[in-house]
Amino acid sequence: MSRDDGAEGDLELWNYFSRRSPRLRRKRGVLPVNRMIPRVSFLLLSILLGILGILCVVFTVYWTQHWLGGFAWDGSSQMFNWHPVFMVTGMLVLTGAAVLVYRVPLSWSGPKLPWKLLHAGLTLAAFILIVLGLVAVFEYHNKQGIANMYSLHSWLGLAAVLLFSCQWAMGFASFLLPWAPTWFRALYKPIHVFFGSAIIPLVVAACISGINEKLFFKLTNTSTPYAQLPAEAWFANILGMLILVFGLLVLFALAMPVWKRPDVNSQDTQEPLLQEDK
């Protein structure tokens, strides 16, 4: 048997398998490269985002515990320290995970109900943490006689919270409850997707401005002012950069067409969450 005959045989074998269904090709160990690359690349990005998300939370907890005095729930400055922890965990990390649920390759086929439940659960957990974070900061301000809602940070944060709340309420009413008509779900879905993405840069801006504001307040009129970059300033600045990179990578994942669910226009995407896929 010549080398050319062997090459032709391999080509015929590939053509045979390429005409089979994707399920059969997976069983035979033949999966097209153009389907493997998006899966592997998204897996790598997910691992990186997971590491960054954990670092953002750990850095926030360490900063507030080590330099800002720890935690309490009594209206003191220690109660305020829950605010950055809850907001970074809820509004940034959990929201970032929620908006990427439908980019997970496992969600590209089969029923969407488990993924809808996961998306709804993550956003609900984020919403609970957001509420707790707001209670912490307002309770602290009110007990200490500090004005509310005067800084750019607070305005950005309020915009992000209001947008998130509207998104959550409209998503709940449109995709969870069965009374929303199909035409409305189809009309609202791209709006929901767009503003879900818009929350991320708002949250990043609010987090970074909040870190900067806290550093200016704390390090003013001290022996080691902010301009001299003491250890706390270095640490908090690195936290801000981690938050920025996390947000940019989430937006990058949302912008990549290769990671979008192939059947985005299917009837399944327009069914309410409580209606099981047929």
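A Cβ is built for glycine as well, from the same backbone N, Cα and C atoms used for every other residue.
Automatic prediction, not curation, is the source of TrEMBL annotations.
Note that this is a predicted model, so its numbers are computed, not measured.
Long-range Cβ contacts of the transmembrane segment (42-64) within its own chain (Cβ-Cβ under 8 Å, at least 6 residues beyond either end) map to 70-71, 81, 84-85, 88-89, 92-93, 96-97, 100, 103-105, 232, 235-236, 238-239, 242-243, 245-246, 249-250, 252-253, 259. Taken from TrEMBL, the feature transmembrane segment applies to 42-64 (among others).
Among the features that TrEMBL reports, domain 'Cytochrome b561' is placed at 48-255.
The feature transmembrane segment is assigned by TrEMBL to 84-105 (among others).
Taken from TrEMBL, the feature transmembrane segment covers 117-138 (among others). If you look at the transmembrane segment (117-138), the same-chain residues 6 or more away from its ends with a CB under 8 A from one of its CBs are 73, 79-87, 89-91, 94-95, 97-98, 101-102, 148, 161, 164-165, 167-168, 171-172, 176, 273.
According to TrEMBL, the feature transmembrane segment maps to 158-179 (among others). Sequence-remote contacts of a segment are chain residues at least 6 beyond its ends whose Cβ falls under 8 Å from one of its Cβ atoms, and for the transmembrane segment (158-179) they are 91, 95, 116, 120, 123-124, 126-127, 130, 134, 149, 185, 188-189, 192, 195-196, 198-199, 202-203, 206, 272-275.
The annotation transmembrane segment is assigned in TrEMBL to 191-211 (among others). For the transmembrane segment (191-211), same-chain residues at least 6 beyond its ends with a Cβ under 8 Å from one of its own Cβ atoms are 84, 87-88, 91-92, 95-96, 98-99, 151-153, 156-157, 159-160, 163-164, 166-167, 170-171, 174-175, 236-237, 239-240, 243-244, 246-247, 250-251, 254.
Among the features that TrEMBL reports, transmembrane segment is placed at 231-255 (among others).
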